[in-house]
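J.: I have a structure I would like to understand better, so I am pasting it below and will then ask my questions one at a time.
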Amino acid sequence: MSSLVCDCPHLESVGEVTKEELIKKSHGSCQDCRVRGPNLWACLENGCSYVGCGESHVDHSTLHSQDTKHCLTVNLTTLRVWCYTCSKEVFLDRKLSTQPTSAKLQDSHTQESKMSSSLTLKIPAAVVSENLDIELEEEDELKTRGLTGLKNIGNTCYMNAALQALSNCPPLTHYFLDCGGLARTDKKPALCKSYQKLMSDIWHKNRPGFVIPTNLFQGIKSVNPTFRGYSQQDAQEFLRCLMDVLHEELKEQIVEVEEDAQTGIVEENLDEDKSQSDNDFHSCDSGSSSDHAESESRKLSEELTESTMLIHEDQKDVESCKTWQKEKKFSNNLNQNHFLQDFEKNIQSTIEESECLKQETVKVQIQSKAADFTAEVNMNDLPTSQTPLLNEGATTHLSSSPPKPGAVWTGHKKVPGLCPAKKRKQKKYHSVIADIFDGTIVSSVQCLTCDRVSVTLETFQDLSLPIPGKEDLAKLHSSSHQSSLVKAGSCGEAYAPQGWIAFFLEYFKSWFWGPTVTLQDCLAAFFARDELKGDNMYSCEKCKKLRNGVKFCKVQKFPEILCIHLKRFRHELMFSTKIGTHVSFPLEGLDLQPFLAKDSPSQIVTYDLLSVICHHGTASSGHYIAYCRNNLNNLWYEFDDQSVTEVSEATVQNAEAYVLFYRKASEEAQKERRRVSCLLNIMEPSLLQFYISRQWLNKFKTFAEPGPISNNDFLCIHGGVPPRKASFIEDLVVMLPQNIWDYLYSRYGGGPAVNHLYVCYTCQTEMEKIEKRRKMELETFIRLNKAFQEEESPAVIYCISMQWFREWEGFVKSKDSDPPGPIDNTKIAAAKCGHITLRQGADSGQISEETWLFLQSIYGGGPEITLRQNVTLAESEGGHAEEKIDVETRNI
């Protein structure tokens, strides 16, 4: 940063410019491509009024400088000045410092923080009004945005319909349009970049008639071979694949630390919160049964060590951040003894118990209608002094992905300074996908023999609902069934208001014209109490036998956008069929209160329809279209590939829905945004300016329930800016005047409050140390492995788990930020005649004794598995997965 102290000789060419003029220009657009801000650049050459876009678009500002030889340009979002000729940042106030300044300028300089050797940021408070009011002020100007078709590039109607449905989900689209600087990834195929470009094209002011989503389609095909070729694909499967990839590319580690020792113990027992989005997305019917041969605790311990990498936290850092982690906790924590007493009274209180699980940040993947559950509780033996749910605790991970080895070998050496032996924790992630689409369901099963209740918290991204037939509808609508459901605390309330007259009218109508199926019917069928008997008996962990049971579930947390998938396709062994039953659905006011768990933190349970994907044709062939409500003019449009046509609400309601997107409806959220806009208009000068997360600000603009303010997406655990984010910090934050910050903080809580940005020296030092460690380990391994490759007949060969080695390789190649845990050979080891040998077909590699001792001295772990010269050939090869690790370890 030393170059910043040097004056730029080109400052003399700057014309007379005022802050008000720059702010006025920031509301404009690029003079060449008409793209709007943020991050437009204005030329400062005397007499030149050019405004152009930056690198996030076509970079017309740079082209203008090259054509005109104008040197200086100013970013209209941050008011930072760049000289193209000097290739450095310069400061206008250096040029003006010798001139007398007015009181107004002095006040302005007082309000703005100075740039020092550590990073500080200049963001004018007036820009915030543009960031907050885009939906309110620009509605008339932008009313034609979003009506762009997508060209069919080879039987891709399924993709086009899905993309149009997502495009008309304001929280997601505004993220990519307003927070484009957050869409950063080093992962291939960088689908988030392709999606961001596509959204920019679709919602451009000067939109074309249609665009061709070639880049995004190529990216999807590269990660999922299912979508290669030209056969018909499923729009719902495409949605899951796309959002899963977007999550993986955009996910950020959540900065979480222990509040105290007791909390730390509980978190060690419970493991860390992990969004379902960290794995493949699954709907609520995508679970599978588990094998009960092993104990629940063993399965859980293996799952707790799964996934990306294990994080290693410094205890001092943990203690230093206790206070602002407390601010992040929701204020709805319940007293455990209170709901243990309620739990003994009726089955419904098991949902309250699951709330305790939620507060300990336990999230698991969904398994609908499966007979495997966690957190077993005996209703007759519940003590009041503890919570068995927390002690048993656990999470269940159900995925179609192959199981990953994860158990940590604990018998390793401790090497101070290199690999502390304390228990490592899983990383916790979130992304814009998880923030918008993730919800939570509480599933409970009661054994009718011993009264033990099993409770599971399950995270879902979409609800896959069955379409009930005539007999199912009769059962759902029957008065007797209503009573049993209401008593059981299930979803019978959805039908409770229906009287006998209405019931008979509905019955006779269905007799002549067939049953009328509503979306509420599908929801009621999904959440209805399920009797587990006959071939579907419940395997009780306490009884150790198959028993009759009762299962029911409710929603603990509703997502901001609820994706509902109607199961229209049935795939049999030899053929597939499609259910063509019309399902009526509301355009506004979908009330989900009957399906909400007791004491759920969700305040808003009413949803309005955003978009619906429809399929015309049969199970083997057909065509997808989408009906979407434009958020700017509230009109409905049909998106049929590159054709976009306005339609009536009646046309939408008569559609054969396949996938529906509902958004939380909240007048209060709109009032809050208007209040903040009014505060901006009456803004008073303040001595302090506060920085707020641009990502949270997007939630405030588009979410019905934005939740507490979270500034941790641009801060490290020490309260500074992580070095890797320093170069683009202006994309992560917005500056607020004090009165706006005070209002938002008092209304939503959270934090921490930030009025000064600086690069964290501690993180910088740690980063330099970790780079030295990477270099040392990598160079040593290459040297030792090269000697091993040159050795003709080694006396002993050591085996190492390739799963662990890949994690280590990712660390030394800087693909992963944290080192792996202890060496874990448990998955490749087998006991034979009292000795540990290599398991047949194990995913293992071969290394020399020196290499093993080197890695083991740093990371510890085991067990030690060796191959000697006197073993048989078959035993030494160990299976197809064994390999000698190449010296270059995949082109280092």
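Heads up, residue numbers simply count up from 1 along the chain you see.
For all residues, glycine too, the Cβ spot is worked out from N, Cα and C.
Found this in Swiss-Prot, in case it helps:
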ZN_FING   6-109  zinc finger
BINDING   Cys8, His10, Cys83, Cys86  Zn(2+) 1 binding site
BINDING   Cys30, Cys33, Cys53, His60  Zn(2+) 2 binding site
BINDING   Cys43, Cys48, His64, His70  Zn(2+) 3 binding site
DOMAIN    148-665  domain 'USP'
ACT_SITE  Cys157  active site, nucleophile
COMPBIAS  272-283  compositional bias 'Basic and acidic residues'
COMPBIAS  291-302  compositional bias 'Basic and acidic residues'
ACT_SITE  His623  active site, proton acceptor
DOMAIN    667-760  domain 'DUSP 1'
DOMAIN    768-871  domain 'DUSP 2'
J.: I'd like to confirm something. Which of the recorded positions, Cys33, Cys53, His64, Cys157, His623, has a Cα closest to the Cα of His10 (Zn(2+) 1 binding site)?
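T.: Ranked by Cα distance from His10 (Zn(2+) 1 binding site), first place goes to His64.
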J.: Taking the Cα atoms as reference points, how far is Cys83 (Zn(2+) 1 binding site) from His70 (Zn(2+) 3 binding site) in Å?
T.: 9
J.: Relative to the Cα of Cys8 (Zn(2+) 1 binding site), which of the binding-site residues Cys43, Cys53, His64, His70 has the closest Cα?
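T.: Nearest candidate: His70.
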J.: Minimum Cβ neighbour count within 10 Å among the recorded positions His60, His64, His70, His623: which residue?
T.: His623
J.: When you measure from the Cβ of Cys53 (Zn(2+) 2 binding site), which residues in the chain that are at least 6 apart have a Cβ under 8 Å away?
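T.: The list for Cys53 (Zn(2+) 2 binding site) reads Cys30, Asp32, Cys33, Val35, Asn39, Leu40, Trp41, Asp59, His60, Ser61, given in order along the sequence.
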J.: Just jot down the residues in the same chain as Cys86 (Zn(2+) 1 binding site), at least 6 apart in sequence, with C-beta under 8 A of its C-beta; none if empty.
T.: Cys8, Pro9, His10, Cys71
J.: Within 10 Å of the Cβ of His10 (Zn(2+) 1 binding site), how many other Cβ atoms are there?
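T.: Other Cβ atoms found within 10 Å: 17.
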J.: Excluding Cys8, His10, Cys83, Cys86 themselves, which residues in that chain have a Cβ inside 8 Å of the centre of the Cβ atoms defining the Zn(2+) 1 site?
T.: Pro9, Leu11, Cys71, Leu72, Tyr84, Thr85, Lys88, Val90
J.: What's the CA-CA gap between His70 (Zn(2+) 3 binding site) and the residue listed as 'active site, nucleophile' in angstrom, rounded?
T.: 47
J.: What does the structure give for the C-alpha distance between Cys157 (active site, nucleophile) and the residue listed as 'active site, proton acceptor'? Integer Å is fine.
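T.: One finds 6 Å between the Cα atoms of these residues.
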J.: Which residues, sitting 6 or more apart from Cys48 (Zn(2+) 3 binding site) on the same chain, put a CB under 8 Å from its CB?
T.: Gly15, Thr68, His70
J.: Let's see if you can do this one: DSSP helix, strand and coil counts over the zinc finger (6-109), in that order.
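T.: Reading the DSSP string over the zinc finger (6-109) gives 34 helix, 19 strand, 51 coil.
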J.: Enumerate the residues of the same chain, Cys30, Cys33, Cys53, His60 excluded, that satisfy the criterion Cβ within 8 A of the mean position of the Cβ atoms of the recorded Zn(2+) 2 site; list them in sequence order.
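T.: Going along the sequence, the neighbours come out as Ser29, Gln31, Asp32, Arg34, Val35, Leu40, Gly52, His57, Val58, Asp59, Ser61.
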